[in-house]
Amino acid sequence: MEKEVATDPLPQEIPSDAPDEGGSLSRPAANTWTVVSLTIALCLGVFCMSLDVTIITTAIPRITDQFDSLDDIGWYGSSYLLTNCATTLAFGKFYTFYSTKWVYLSALFLFEVGSLVCGVTPTSVGLILGRCIAGLGAGGLFSGSLLIIAQTVPLHRRPVFTALLGSMYGIASVAGPPLGGALTDRVSWRWCFYINLPIGAVTAAFVLFFFHAPNSVKRRPELRKLLSELDPIGSFFFLPAIVCLLLALQWGGTQYSWKSPRIIVLFVLTGVLLLAFVAVQIRQNEKATLPPRIVQNRNIWSSAWFAITLNGAYFVFIYYLPIWFQAIKAASATKSGVMNLPSIIAVVVVSIISGMLVTIFGYYNPVMIMSSVTLSIGAGLLSTLKTDSGSGEWIGYQILMGLGVGLGMQQPFMVVQNVLPDGDVPTGTAVITFAQTLGGAIFISVGQNIFQNQFAHTMHLEDPSVNVATVLSAGTTTLRKYLPAEQLPAVLRSYNTAITQAFYVGVALASLSCIGTIALEWKSVKKPRNTTPNDHSGS
């Protein structure tokens, strides 16, 4: 098949044909204003897609009241994560073969359509559908943002910009619940979704007018061959496997017993479908969603391992720390967000500093090692919180945890850009993005199971007269309002035990992230690298 040059409909600055200092392919000489404008726009886009994970949490009570849909609560969150995970790798293929700009704008359009559907829907089913559509688009936003930065900024300067994009996850995770609560109380829960529309419009405008992709050789498959290039057989096995896994983790131990046929079948299907997916990837070779030569690269699988463990640990803490503040310290949704600021400030500041360190010294390995060690210490200390722990403890422990996350969160993306040829960077970026998203989705569910089961067990030991279902349905912020004074201490101790047991998941993951750092090669981002795009013909 002939190769054609991917051109951009907008005028481009004249690029230099010489490699930049980092050894990457030539790119347009973007000026400071262009880089700053694009960075702000992309940060807003990542902020919105990250905000959608947490902003709905404080709006759910009002939504279920309006739709009388208590049974649908789990789907409001999982539907977004499911489709997000399911499309991340597929977007890697799109970014490989087609214009980064237009694939990104298409993903953003899908996300915006989903947000609009969520805002205007008159039914609970419509809300779930809107969340699914938004998740489809979200699967291509973060990886697309990283690729736009990669095509605008030289390799040795990218760590800072990559860190800025990654810090949006932390900011959104803390801002989501109080912002959702404020919008729900003062306007309507529908504005939790409408808020994405103007922000998305700004992002789209900036990307449309300021991003001029470098001249690059990309093979654009004919429409009739597009399906084979997108690995439909692999997707046929992979997408249901992810759905089965997340459903099993969400339902197991809560809605259904772990020994129930439904959960067992879901786990068995997950295993069978994943094995079939692996077989298809080996057979498809270069046309696979995950080409074996990329997955077998030790830097890629070790970075993916680091990403899934670090993000899994981080999501456990950002999900359950607000619950600890609301239940144990009687904080409102807004105040719990403020009490979470030590960790988020640490993540944001240290993410930027870590990017500078990699830029200055050229190596990400020491930063990732420090990340694993610091996160493990901070996670371990957070798991020791008691009902009478003072502010010095929960502030200090959060800072340590945030330092660990900030140091390591964006380094896997630098690994991808440093060790893979430019033609493989979209696929490698999608692999890391998928690992991060899947880590959050899986281990939030694992933490939820541990929390609910441990709370029921501990509550039975502390005070068998307390109705566990009633306490959980009452919510963390109303415990003191509805519980008799004599039952409150036992309930608080049970809450504390259950939450810190969930924190053990984060401790284990933080410790396991060390495996990824040990397996990485030491390769400087300042040295020239192989930038020849691979032939994706698969022949």
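Every residue, even glycine, has its Cβ placed from backbone N, Cα and C.
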Q) According to Swiss-Prot, which stretch among 395-415, 479-499 corresponds to the feature transmembrane segment? A) 395-415
Q: Examine the ranges 362-384, 454-476 and name the one recorded by Swiss-Prot as transmembrane segment.
A: 362-384
Q: Would you mind telling me which of 108-128, 423-443 Swiss-Prot tags as transmembrane segment?
A: 108-128
Q: Using a Cβ cut-off of under 8 Å, list the residues of the same chain at least 6 residues beyond the transmembrane segment (305-325) that approach it.
A: 54, 170, 173-174, 177, 331, 333, 335-337, 339-340, 343, 368, 371-372, 375, 379, 382, 385, 394, 398, 401, 404-405, 408-409, 411-412, 432, 435-440, 442-444, 447, 451, 476, 495-496, 499, 502-503, 505-507, 509-510, 512-513, 515-517, 519
Q: For the transmembrane segment (362-384) and the transmembrane segment (262-282), decide whether they are in contact, meaning at least 3 CB pairs lie under 8 A, counting pairs 6 or more apart in sequence.
A: no
(Q) I need to check the long-range neighbours of the transmembrane segment (108-128): which residues 6 or more away from its ends have a CB within less than 8 Å of a CB in the stretch? (A) 45, 48-49, 52, 63, 67, 69, 72, 75-76, 79, 134-138, 140-141, 190-191, 193-194, 196-197, 200-201, 203-204, 207
**Q.** Recorded stretches the transmembrane segment (338-360) and the transmembrane segment (395-415) touching, at least 3 CB pairs under 8 Å
**A.** yes
